[in-house]
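TrEMBL lists Ser74 with the feature active site, nucleophile. Residues annotated as domain 'Tryptophan synthase beta chain-like PALP' in TrEMBL: 9-314. Taken from TrEMBL, the feature N6-(pyridoxal phosphate)lysine applies to Lys47.
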Amino acid sequence: MTIPKSLKLANLPTKIEKLERLSKSLGDINIYIKRDDQTGTEVSGNKVRKLEFAVQEALDQGCDYLITCGGIQSNHARATAAVAAKLDINSYLVLRSNGDDPVEGNYFLNKILGAEICLITPEEYRDNRMKVMEEIQRELAGQGHKAYILPEGASNGIGTFGYYQAMEEILEQEAELDVKFDAIVTAVGSGGTYAGLFYANKLRKNEAKIYGINVCDDADHFKNRVQELVHESIQYTKRPIHFKKEDIHMIDGYVGEGYAQSRQEELTFILDFAKLEGIILDPVYTGKAMYGLVEEIKKGSFNGFKNILFIHTGGLYGLFPKGNQLF
Ligand SMILES: *Cc1c(COP(=O)(O)O)cnc(C)c1O
């Protein structure tokens, strides 16, 4: 099947490693991790895979500006700023802030990468972020620019192909490693990563179950969102898949205090995991999701599963502003 064409910006394929000590500590199960945190340095994490497709579409439309939005520590916004700089076009980031955020982590990197930044309040972000981005697009048009608006997380029909392609990469790696994953697990924040994995998994008639662990909203919200995204992606391929909402496995219960808010047990888990495996998780996504996966394995939710693949979707820079809470 042909999927839309894309830029080549990420270091691919990312490796798959077995988490030897974590697996041993959990008993009769093998946990593997796919290092999508190593897709690059400036562009690191899962967003670059989605941007490879979405920004190709922007360039094909003749755009010279990327406008996007996210939280103050958005990994997606930082990846967008890095991609724009790399391609010699411009980025405009609309970030949610109370106005007192220190220039740290991703926000700091955005400034280094030369992004134009507009901070808006959480209320304005919730109610009007699209309007704000459209207003910027109009202003830029008045100055002779053409801007492409990327939704939160680059999770739209085109961006989703980044993880469609990642699923194909995983299938090739299974053959190389001689292992078959019964489950693939990812954090879910805007749904595109999950949707891409799910679409390719179904289309390729692979048997693995795809699990999402939501870090905001709730399971029902994301089941609907994933359905919408898969249908948007099908507009590009004309290759429908048949699935029910129940086929979308979303594990709720690990949002904790709320999006980008950390509980002590999550932070302690990140520290323990770093010492155990030499791999650093992030506080907003992968720390919560891996914590959730381990809790669910302990509860018996994955009894009978042999090999589980966790996608390390990145986010390291978002850990730096948590320094005070960690130590
Ligand atoms: C955005 C993000 C996710 C969530 O991916 P979605 O496609 O938005 O659901 C997971 N991990 C990290 C580190 C992210 O930045």
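Cβ from N, Cα, C; glycine included.
Automatic prediction, not curation, is the source of TrEMBL annotations.
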Other CB atoms within 10 A, centred on the residue listed as 'N6-(pyridoxal phosphate)lysine': 36
Euclidean distance between Cα atoms of the residue listed as 'N6-(pyridoxal phosphate)lysine' and Ser74 (active site, nucleophile), Å: 10
Cβ neighbour count (within 10 Å, all chains shown) around Ser74 (active site, nucleophile): 28
